[in-house]
Amino acid sequence: MAMMMRKAAAVPASSRRSVAVNSVSGKRTVSGKAGAPVPEDVLAYAKTLPGVTAPFDNVFDPAGFLATASVKDVRRWRESEITHGRVAMLAALGFIVGEQLQDFPLFFNFDGRVSGPAIYHFQQIGQGFWEPLLIAIGVAESYRVAVGWATPTGTGFNSLKDDYEPGDLGFDPLGLKPTDPEELKTLQTKELNNGRLAMIAIAAFVAQELVEQTEIFEHLVLRFEKEVILELEDVERDLGLPLTPLPDNLKAI
């Protein structure tokens, strides 16, 4: 026994490999740094997360971020994805609703100066709207940090708590959260996919309004009108009838 202890003491500390149990994945990993999982463990953990959806039945990682990531990185990225998805869903809905209700004085538009595409509403809305909004955002973000972040300040300030499920802030006023794990994972996947679609949608909304200078529904109606006229032209051409001219406002769409 004494001989074994002397041999162990003779091994340099720098060459010892530590065995750490990952608190998130529950797997035992061996690495040169305590708690650092090998890439296989990171990939295996990522495959267990909600959001793995057809046609990408495996983890969708074309840029290879997982190759150099840790489980902590993956958890932090998932938290960011959920947060950005939720904001994008609100933004996409806000674009459409804001453009339809901009004529209602109740919505901080007492003088009717808020009009046109939603990309210009930011500059048109008065200061009385932004101060309460910034306070509300600050309160919401402070609550999210308090619930989920392990170290709000200092090194690794945005690391998540080991027992925190990314995106789960305990906000469920309607009691919609399933108690069955599989049902919960399915619902989480739906939220992620809707958030991903919303992030693409809000980017498309902004690009479309910058190029076309028209509101979302207005563009949709004009596009439909143009398609009808073009189809009518084909019929008229086949029948030898005079062609219906395309209005100037539809030519650029």
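Including glycine, each Cβ sits where the backbone N, Cα and C put it.
Annotated transit peptide per Swiss-Prot: 1-39, in sequence order, evidence recorded as sequence analysis. Annotation comment: Swiss-Prot describes H84 as chlorophyll a 2 binding site, evidence class similarity to another entry. Marked as transmembrane segment by Swiss-Prot on the basis of sequence analysis: 87-107, 131-151, 197-217. Taken from Swiss-Prot, the feature chlorophyll b 3 binding site covers E141. The chlorophyll a 4 binding site annotation in Swiss-Prot covers N194 and is backed by similarity to another entry.
On the structure: features taken from Swiss-Prot.
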residue	record	Cβ contacts under 8 Å, 6 or more apart
H84	chlorophyll a 2 binding site	G195, M199
E141	chlorophyll b 3 binding site	none
N194	chlorophyll a 4 binding site	G85, M89
